[in-house]
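Trainee: A single structure is presented below for examination.
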Amino acid sequence: MTEQSNRVFLLSLGCSKNTVDSERLMAQAEAAGVVFTESASDAETIIINTCGFIADAKEESINETLAAITEKESGRVRKIFVMGCLPELYRSELQTELPEVDGFFGTRELPAILTAIGARYRSELHLHRSLTAPGHTSFLKISEGCSRSCSFCSIPRIRGPYISQPLDQLLREARLLQEKGVQELNIIAQDITLYGVDLYGRQMLNDLLLRLSDMAFHWIRLLYAYPLNFPLEVIETMSQRGNICNYLDLPLQHCNDRILRSMNRGITKEGELALIEAIRQKNPDIRLRTTMIAGYPGETRQEFEELLEFAATVRFDRLGCFSYCHEEFSPAFALEDSVPEEEKQSRTAELMELQEGISEEKNKRLEGREIAVCIDRIEENTAWGRTEWDAPEVDNECSLEGAGHTIAPGSFCLARIDGSSPYELFGTVLKVPE
């Protein structure tokens with residue numbers, strides 16, 4: 001291949017799991033001489049790593065593919081490849097409707113797409129990743145796939161069954177990330193709760209966490225914890241180890257028992273409340289994030305009000321809500337999508353309005369406190385960062401005005417919180433790293 005034909009623009013859409021897949025692809029390709037460009041206009045090949053989880057994500061993936069086709073038709077690029085979740089669901093349809101695309105590849109076809117761009121998969125590089133910015137924070141994907149059967153979700157169809165990554169392999173990957181300057185390690189999977197059961201016959205999340213903590217990352221954060229049978233020893237470890245963030249992402253989806261049964265979540269409202277109480281008792285400093293779904297098939301106004309009351313009572317520190325999306329490859333697609341779209345959106349907004357008030361109150365209590373902040377970016381003379389209670393991209397930010405020239409991205413500083421809004425903190429830097 002010529003140098004020009006080795007220039008590739010990779011657009012990664014969707015979740016952090018997709019980001020990791022893209023970073024693995026980039027590391028393998030770069031080892032073969034492929035150069036990744038900042039924009040499509042500088043490349044000869046475009047790769048789109050798609051998301052197919054909900055309708056909006058599918059639409060974005062299709063729109064970006066159509067935009068790439070326009071680039072190809074204009075002669076600015078020669079080849080287009082589409083990979084990831086969307087081809088897992090609709091490969092034959094995509095091949096028919098988008099013949100301009102030169103190849104479609106699923107979530108488990110890394111060697112094939114490397115071949116398509118003139119590279120070769122090298123097993124000795126399977127832990128290597130080319131990190132996307134910012135380089136001080138990254139994700140460690142501890143498993144592939146999912147073996148839960150939540151009715152609203154098509155991930156098992158897209159990603160296959162749950163497969164834990166060996167512990168020693170994860171430690172080697174974490175070391176490679178650390179050597180690249182990563183200081184905040186975010187543990188991710190479709191379900192971190194089950195980690196190790198398939199490989200070792202028992203839950204190994206706590207074992208992994210202890211080993212990672214010994215590696216002296218500044219922050220280690222837990223995301224995507226399934227509530228059923230969550231190992232509470234993890235919370236004890238969290239309270240004992242200073243570099244494990246007092247934070248847990250625990251998607252509950254709903255609280256009504258009928259809906260939880262229909263969702264096939266394997267847990268009841270009573271079980272959810274007992275778990276939350278146990279977590280908070282073991283670690284009073286923890287911040288809990290959850291995700292809810294509004295407008296699930298058959299959800300009555302009374303059942304939704306039960307969800308509102310649940311959120312008001314539990315007072316989650318962070319909460320996101322999605323309007324139910326009727327996905328054709330999910331088990332719930334067999335149910336009638338009975339809640340009108342307008343009502344779904346209204347319920348979502350109502351729950352988020354409730355959470356906004358809770359977030360405002362909780363942030364207000366931080367005013368006057370001195371808190372460690374991780375700096376993510378600098379805009380003019382303002383440094384933007386997060387506390388240990390805020391995950392990248394989805395949670396609160398902290399703006400430190402006037403600190404842009406005194407501190408760099410990736411630094412951890414001590415800041416005083418001077419003001420707040422529902423989803424933002426405003427502070428002053430008190431101490432910068434030496």
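Cβ from N, Cα, C; glycine included.
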Trainee: Among Cys15, Cys146, which residue shares the [4Fe-4S] cluster 1 site with Cys51, Cys85 according to Swiss-Prot?
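Mentor: When Swiss-Prot describes the [4Fe-4S] cluster 1 site, the candidate it includes is Cys15.
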Trainee: With every protein chain in view, what's the tally of Cβ atoms within 10 Å of the Cβ of Cys146 ([4Fe-4S] cluster 2 binding site), excluding that atom itself?
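Mentor: A 10 Å sphere around the Cβ of Cys146 ([4Fe-4S] cluster 2 binding site) contains 23 other Cβ atoms.
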Trainee: Given Cys85 ([4Fe-4S] cluster 1 binding site) and Cys150 ([4Fe-4S] cluster 2 binding site), what distance in Å do their CA atoms have, once rounded to a whole number?
Mentor: 18
Trainee: What kind of secondary structure is Cys85 ([4Fe-4S] cluster 1 binding site) part of, going by DSSP in three states?
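Mentor: Helix, per DSSP.
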Trainee: Expressed to the nearest Å, what is the distance separating Cys51 ([4Fe-4S] cluster 1 binding site) and Cys153 ([4Fe-4S] cluster 2 binding site) at their Cα atoms?
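Mentor: Answer for this pair: 13 Å between alpha carbons.
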Trainee: Sorry to bug you, but what's the C-alpha spacing from Cys15 ([4Fe-4S] cluster 1 binding site) to Cys146 ([4Fe-4S] cluster 2 binding site), rounded to the closest Å?
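Mentor: A Cα-Cα distance of 15 Å.
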Trainee: In this predicted model, what is the average pLDDT of the domain 'TRAM' (364-431)?
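Mentor: Residues in the domain 'TRAM' (364-431) carry a mean pLDDT of 94 in this prediction.
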Trainee: DSSP helix, strand and coil counts for the domain 'MTTase N-terminal' (6-122)?
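Mentor: Taking each residue of the domain 'MTTase N-terminal' (6-122) in turn, the totals are 59 helix, 23 strand, 35 coil.
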